[in-house]
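Note sheet for the following structure.
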Amino acid sequence: MDYKDTLLLPTTDFAMRGNLPECEPARYAKWDEQKVYEKMKAKREKSAISFNIHDGPPYANGHLHIGHALNKILKDIILKTHYFFGQGIRYTPGWDCHGLPIEQQVEVKLGDKKKSMSKSDIRQECRNWAKEFITVQKDEFKSLGVIGDWNDPYLTMKFKFEANIYRTLCEVAKKGLLVERSKPVFWSWAARSALAEAEVEYEDKEDYSLYVAFCLSDAACKKLGVSDAKAVIWTTTPWTLVANQAISLNPNEKYALTSEGYIIALPLKETLINQGIINGKILKEFASSELEGLSAINPLNGRDSRFILGEHVLMDGGTGLVHTAPGHGEDDYFASLKYGIEVIMPVDEAGLYDETLRVKKLLPEHLLNEFIGLHIFKANEKLIELLGDAAVKVSKFVHSYPFCWRTHKPVIYRATKQWFIAMDEPKLSGKTLRQTALEALKSVKFYPEVGVKRISSMIENRPDWCISRQRDWGVPIAFFRDSATKEPIFDSRVLEHVAKVFDEKGSDAWWNLEISELLPKGTNLDPSKLEKVTDILDVWFDSGSTWNAVLNSGDYDAGGYQADMYLEGSDQHRGWFQSSLLLSCAINQKAPYKSVLTHGFTVDGNGNKMSKSKGNVIAPSDVAKRYGVEILRLWVGLSDYSSDLKISDDILKQVAEQYRKIRNTIRFLLANINDLDDISSHFGTLDKWILARATKSFKEVSECFKNYEYSKGFNILLNFLSTDLSGIYLDICKDRLYCDEKDGLRRRSSQSAMAIIAKSLLSLIAPTLTYTVDEAIEFAPDIIKNGAKDAFDLVYEPLVFEFKIDDELLTSSREKFNEIIDVLKKDKIIKSTLEVILETSSNEILANDLDEIIDWYMVSFVRNIESDEFLAEFAVGNDKFKIVKADRYKCPRCWKYAAKIDNDLCPRCAKVLKRV
C-alpha cells in the first residue's frame, strides 16, 4: 500500500523560485497604486517616535550607477527598520538640478548653437535636461524597492526652492559672514569657473621639480657682507614664476650661505646635499630676519622679489625659500597681504596668459607675442629654457594634484574677485563659524564614530568658502551694487522682494527683468545707479541649504529640522555634510542633523575602482534583470558599509545562494502551518529549545539592526536559520508534521513554534527583503497574516520565550553522533539514522520526554545502554553512548524502524490511520 496520501505534506503557493526580475516590477506598481508611503505614514500617525532621513540630492544627470543603488537602498532599509519597529517615518527624495555637470551636457548637446543663445534660453535647456533625468532616475530608484514621497520630491530648480536657497544666502549676508574679495581660489580653466574644495579631486600628475636661483640685490648682498649670492627656490609650477612677487622664509629657522653662493635653510642642508645641489660647505649662518624687506631679482624678468617671513614655510622639502606668487596660492596670498604686496594675475579664465604680461612687464618685450594667449601648461618647457643657468636643477616627478571633479582636468590657483563665507569672523554671538561648527559636531552621533574626527579635521583646516561661480546654470547671487562705489546693497526690503519675485517667476527673473522691475515699490534706490551681480551660487550652497528649503520651510512633509539622519558616501564629509553644517550653523548655530551615517564606495571583486575602460562596471539595472532587486538589497544588507563594498558576479551569486536559503526557510515554515488555526500554549522540549534560541538570536539581530549594523545582524540571523532552525529543528519536526495526527499535540505544538518564528522572522527581514516578505504575506495562512493585507501591516514584536533549557549535553552529543553517522554512511553500513537506536548512560538525557529525544537524534529509539554489539560508541564527558542497529522493522509510512512485524505499520502510524 502507498501511504503517501495519508501523510500531512506541506503545501503553499509561495513559490520555491521567486522569479524576482519578472515579479518585482509588478509588485512595486501595486505598491504605487495603493499609495503605500501614505499608508505607512497613516499607520504610524499616533506613534510617539518619528524618524526622518533628509535625502542628499543626486544630480539630475545620467542613469543610476551602483553607488546610487547602494545609497538609496541603505536609506530605504534604515527607514523601514524604524517603520517595522513601530515608528513613524518621513522620507522626501530630492534632486540637485543646477550646476556644472548638467551645464556641460547641455553645452555638448548645443555645440556652436550656444554662442547665439541668450542666458535665459541656455538656462531653459538646462532645466529641460534636468527634468528629463529626474523622470528617468525616479523610475530607476523606485524599481529598487525604495519607498518615499515620490509624488512630491524636492527639486532645487523649483521656483519656490530657488527662492529659499536665495533666502538662505540673504540670512548669511545679514549675519555679516558674506564677504567679497580678490583671493586665490581653485580655478577650473576647463570649466572657466571657480571651484569649492568639495569640487576638487586629487589624482597623480607628472610635474617638473625645478630649483631656481634668484640673484640677491646689492642691498641684500651688502647686508650679508658678500659680493654675490643667490636665493634658491623650489617650485613644481614653472608657469607661475612670471607672477613671482616675493620669496618667503621661515621666521624661526636659521639660514646659510653655501660655498656655491646659494642661500638655503640650514635644516635642509643634508637633503640638498643628497639632491646634488650643494656640497655641504657652509660659509655663513644668519637669521631669516636679516633678509626681511630686502630683495632678489627674478631671472625671467628682472623684477624685484621681496624677502618676507611666513609661518607656512616648512622644513619638509625644497630649500626653505618659498617662491611666492600671491595670485597663485592661498599661503602666498596671506603671507604677501601682511606686507602689502600687490597680487598680480597674468592668467585668464581659460588658463591662457593675458595682456598682464605686457602691462606688468613680466617677460621681456620680444617674448610677449609668443606667450600671450599661450596655455600655462604649455609654457613650462619654454620658461625653463629661458631660465638658462638660473635653473639649478630640473627633473620630473609624480605627485598628488587637484583636478576638477567634472572636467577631470588639472586645476590652478587663480586670484579673482569672488564671494566667500568667512570662517573666522566672530559674528555668531562672539564666535566664528569655524568654532560654532566644531562645537555643533559634538552633539552629532556618527556611524561609524571615526566620521566625527574626519569632518572636524576638515572644518579646522578649511579656508573660507568660495560660493560664487562664473557660469549660467544656477541660483544667482542676486544682489545689487552701487555702480559708483561697487558696494553691495543688503537692504532687507530689497532682498525679500527679490525672493518673492523668485517665488513666482523663478531665479531666471534676475536676468529676464530690468533692475526697476526687481525693486520693491517705495524704495529710495535709483535703478539707474545700480548694477546686478552676475555670478551664480556654488551648487554645494544649493544642496547645503536644503535643510532650510525642505525641513524648515513647511513646504514638504519631510520631517523636522534637525533631521534625524543624513546618510551619504564618505566623500560627503568634505561635501554635503560640511556645506549643510556650515549654513545651518551660520543661521541657527546648530547642526542640521542629529546623526550622520557614511558608507564606503563600491569596488569590484578585487577591490578595484569601477571604470568603463576596465570593463568592471556593474549597473544596478543589469543586476535587477539577471538576479532581481532583492539580491541587490540583500547584498547591501550583508555588506559592511563602513568600508568599501565589493560587488561582482561571483559575489552576487553567493548573495543569491543566501537569499535562496532564506526564501526556502520561509517557504517551509508557511507550507507546514497551512492548517494551523490557533497558536498552542503547550510546547514540547524541542519547541521550547527552538523558541529560546530564536528569542536570543532575534534579540541580537534586532539590536544590530537598530544600531544599523546590518552585516553583523544578518550573519547572526543566517547562522540561526541554517544551523538551529533548518539544520536541526525543521529537520527534526518533519516526522511529527507529516506523520502525526493532524491535531496531535506534538504536531500543533511544533506548528505553533514555527508560526511564532515565521511572524517574527518576516517582520525582522521586511526592511531589507520587502518584496519577498510582501509576497510571503500574500500567500501566508491567516495565522501569520493576523489581518495583515501586505508587508506594511507588519510590526516587529520581540520574542519573549525564556525557557531554561540546558542544551549543552544535547547539542554536543548530537554533533558527535552526526560525525560518526557520516562515517557509517560513507562506509555504507547504514543509509539513514532511522536504521539505528541510540543507547546512553546519561540520566540527564533519559529524563526527557522519550519521543522528543528520539526526534532530537532522528533515530528510531533511544534507551539505556544494554547491547554488547554496536556499530560505534562515543562519550561526552562521563556520559557514554552506543549506536546500535535497530531491532525492529521499517514502518512503510514513517520509515522509522519501530514496527513489530515486517511490512506492518509502527504503533504510532497505526493509531493515526485508525482515527482517520
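Cβ coordinates come from backbone N, Cα and C, glycine included.
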For this session: Name the residue range among 459-463, 609-613, 674-678 that Swiss-Prot annotates as motif ''KMSKS' region'.
Result: 609-613
Problem set entry | Range annotated as motif ''HIGH' region' in Swiss-Prot, from 58-68, 102-112, 311-321, 542-552 | 58-68
Exercise. For Glu568 (L-isoleucyl-5'-AMP binding site), which residues in the same chain are close in space, meaning a Cβ under 8 Å from its Cβ, but six or more apart along the sequence?
Worked result: Gly56, Asn71, Gly575, Trp576, Phe577, Thr598, His599
For this session: Averaged across the motif ''HIGH' region' (58-68), what pLDDT does the model get? Just tell me the whole number, please.
Result: 92
Problem set entry | Chain residues outside the motif ''HIGH' region' (58-68) and at least six past its termini with a C-beta under 8 angstroms from it | 95-97, 99, 101-102, 105, 129-131, 133-134, 136-137, 140-141, 155, 569, 601-602, 610, 617-621, 623, 647
Exercise. Residues near the Zn(2+) site, Cys891, Cys894, Cys906, Cys909 excluded, by Cβ within 8 Å of the Cβ center?
Worked result: Cys739, Pro892, Arg893, Trp895, Lys896, Ala898, Ala899, Leu905, Pro907, Arg908, Ala910
Problem set entry | Folded-back contacts onto the motif ''KMSKS' region' (609-613), same chain, C-beta under 8 angstroms, at least six residues removed | 65-66, 601-603
Seminar exercise, completed: Helix, strand and coil residue totals from DSSP for the motif ''KMSKS' region' (609-613) stand at 0 helix, 1 strand, 4 coil
Problem set entry | Lys612 (ATP binding site) and Cys906 (Zn(2+) binding site), distance between Cα atoms, whole Å | 67
Exercise. Residues with Cβ closer than 8 Å to the Cβ of Cys894 (Zn(2+) binding site), same chain and 6+ apart in sequence?
Worked result: Asp735, Tyr738, Cys739, Cys906, Arg908, Cys909
Exercise. Just the number: how many Å between the Cα atoms of Lys612 (ATP binding site) and Cys891 (Zn(2+) binding site)?
Worked result: 63
Exercise. So, in DSSP terms, is Glu568 (L-isoleucyl-5'-AMP binding site) helix, strand, or coil?
Worked result: strand
